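Since the structure comes first, as structure tokens, the remarks are kept for the end.
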Amino acid sequence: MNIKKLKKNFPNVNIKENEPLAHYTYTKTGGPADALIFPKTKEEVQKLISWLNEENWPVTILGNASNLIVKDGGIRGATIILTDMNQIVIKEDTIKVLTGAALIEVSKRAYQSNLTGLEFACGIPGSIGGAVYMNAGAYGGEVKEVIKSVTVLTREGHIIERDNNDMDFSYRHSKLQETDEIALEVVFELKKGDAEEIKDRMDELTYLRTSKQPLEYPSCGSVFKRPTGYFTGKLIQEAGLQGLKWGGAQISTKHAGFIVNIDNATATDYIELIEHIKEVILEKDGVQLETEVKIIGEDHPVAVESRDNLMKKAASTFHAQLGKILPLTEDN
Ligand SMILES: Cc1cc2nc3c(=O)[nH]c(=O)nc-3n(C[C@H](O)[C@H](O)[C@H](O)COP(=O)(O)OP(=O)(O)OC[C@H]3O[C@@H](n4cnc5c(N)ncnc54)[C@H](O)[C@@H]3O)c2cc1C
């Protein structure tokens with residue numbers, strides 16, 4: 001992987017080298033991207049993918065990084081962030097939008113055009129691409145209900161248009177999670193509505209969100225998917241975990257389904273706390289929590305080393321203790 005060659009082949013594309021992803025993620029954690037690339041058009045993404053494939057670069061796609069934990073070692077190869085690819089075109093009751101646009105902005109533009117259907121999304125901080133990938137939803141709405149079609153780029157570099165039925169949408173899931181395709185453009189189909197009613201609904205949802213969620217701290221939203229028949233926040237509360245601090249991360253005292261970065265948390269703090277919650281809830285309630293947030297990237301080499309050292313230290317302490325009870329032999 002030669003970054004100079006990449007920059008030479010794409011002189012008009014903004015490319016940052018060794019760029020800390022903590023500057024972009026909503027948790028404000030995560031190590032560096034070898035190359036962070038900001039295309040502005042679908043054509044640029046397609047050309048980039050073809051070139052990066054030929055050069056054997058691994059490729060990671062980011063939207064607004066609001067549903068991600070990037071590990072402390074960062075991401076090797078190319079990381080394409082789509083937030084500069086954000087054109088929104090409204091025609092009658094359809095909105096055609098490039099997938100780097102913010103869902104909140106599209107929801108606002110729909111309201112300004114008297115279009116109803118995207119009120120539920122007025123506080124979801126993702127990009128359109130991330131929202132499609134996750135089938136984002138809130139307060140009874142999901143993006144799948146208003147999407148007509150999605151233009152995707154396969155990892156082999158082909159462009160395909162998928163209609164709604166072909167996206168396998170379900171709770172926090174779309175086909176893209178299996179195919180790894182990149183969403184480039186989305187067409188939303190909305191309905192004409194009453195501007196005042198749309199605004200009232202958005203105000204109501206904004207009030208609910210700000211009163212219930214710890215928006216004053218960095219976070220990645222709800223960490224876990226809702227397990228059938230349970231509420232994650234309630235399970236965590238009843239296990240006595242709410243407020244627990246792990247390094248600089250804390251289970252929010254306002255909403256137990258969120259983990260907030262209260263004091264320079266690392267991605268490792270987040271990941272260890274998530275594992276701890278899963279273990280406690282499995283043991284106490286027999287419920288296997290599944291993360292909604294996506295964890296990507298590599299461990300920090302120092303973290304791996306210190307974890308290995310800790311394990312060696314623990315093993316030798318154990319052997320030393322054992323040696324006091326039993327004479328040590330080759331077998332123990
Ligand atoms: C405070 C807060 C509140 C939240 N509230 C909600 C909520 O109410 N409802 C809800 O559903 N979510 C919520 N979220 C989570 C998050 O905003 C959504 O999941 C959002 O859809 C993620 O979009 P993103 O652009 O940030 O995706 P990212 O975090 O950048 O990426 C998430 C995944 O999508 C993939 N991806 C991103 N763009 C594309 C693309 N163009 N093509 C293919 N794959 C892509 C990435 O590779 C990654 O695997 C919240 C998060 C926060 C921080």
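Every residue, even glycine, has its Cβ placed from backbone N, Cα and C.
These features come from TrEMBL:
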{"type": "DOMAIN", "residues": "29-193", "note": "domain 'FAD-binding PCMH-type'"}
{"type": "ACT_SITE", "residues": "Arg172", "note": "active site"}
{"type": "ACT_SITE", "residues": "Ser222", "note": "active site, proton donor"}
{"type": "ACT_SITE", "residues": "Glu292", "note": "active site"}
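The residue listed as 'active site, proton donor' has a Cβ environment of 20 other Cβ atoms inside 10 Å. Under the three-state DSSP scheme, Glu292 (active site) falls in the coil class.
A simple way to gauge crowding: the CB of Arg172 (active site) has 18 other CB atoms within 10 angstroms, across all the protein chains here. In the three-state DSSP scheme, Arg172 (active site) falls into the coil class. Taking CA atoms as the reference points, Ser222 (active site, proton donor) and Glu292 (active site) are 7 Å apart. Annotation note: the residue listed as 'active site, proton donor' sits in a strand segment as assigned by DSSP.
Each residue contributes its Cα atom, and for Glu292 (active site) and Arg172 (active site) these two points are 7 Å apart.
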